[in-house]
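Swiss-Prot annotations:
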{"type": "ACT_SITE", "residues": "60", "note": "active site, proton donor"}
{"type": "BINDING", "residues": "8, 30, 58-67, 117, 177, 186, 206-207", "note": "substrate binding site"}
């Protein structure tokens, strides 16, 4: 299991300060929509100059198939090590993205986003007219058939996805709260023990790290727990 630290702070300088504080640790960094729009593609280069971090660019690409493929190609060529697409875009769109990326010299890992962890069961049903478990398995099958590397999902769907798509099909699980505390705007949250039990390959942690008194110490503690 790998730790992916979410860089979701209010400014570029704050995000870079956290990255510098975590230099030398075996982690990935996640650059989300706010940071990418504000700080641009060069922000990835700045992060890699600090410590050659592996970077997950979390933009949840969702558009018509050709536009998705264009966007995925651009992001892949600026140094992303992992990107994601909305599984709701469907099999054809995801397949087109993977066909476009097939000839890249350095292709990133490509994951599909299933049900956002901010959704409650009722909220998901209101939007998709399906329960989460059934919908996520169907999305996962489509992602696997399209040639993607795995899924972004909650811990609660990870094991079922592994059983359906194989243990080598990656699950990246946000909404991880390693210590007791506020779940903030997440509904389907979990801890590290649950992530291990459900065979998560990556866990995403943000606020519990950068809101702590000593972020490096907090990350070191999390890394000990995921061994």
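For all residues, glycine too, the Cβ spot is worked out from N, Cα and C.
A Cα-Cα distance of 13 Å separates residue 60 (active site, proton donor) from residue 117 (substrate binding site). Residue 65 (substrate binding site) falls within a helical segment according to DSSP. Cβ neighbour counts within 10 Å, taken over all protein chains shown, single out 117 as the most crowded of the binding-site residues 8, 117, 206. Of all Cβ atoms in the shown protein chains, 17 besides its own fall within 10 Å of the Cβ of residue 65 (substrate binding site). A strand conformation is recorded for residue 59 (substrate binding site) in the three-state DSSP classification.
The residue listed as 'active site, proton donor' has a Cβ environment of 18 other Cβ atoms inside 10 Å.
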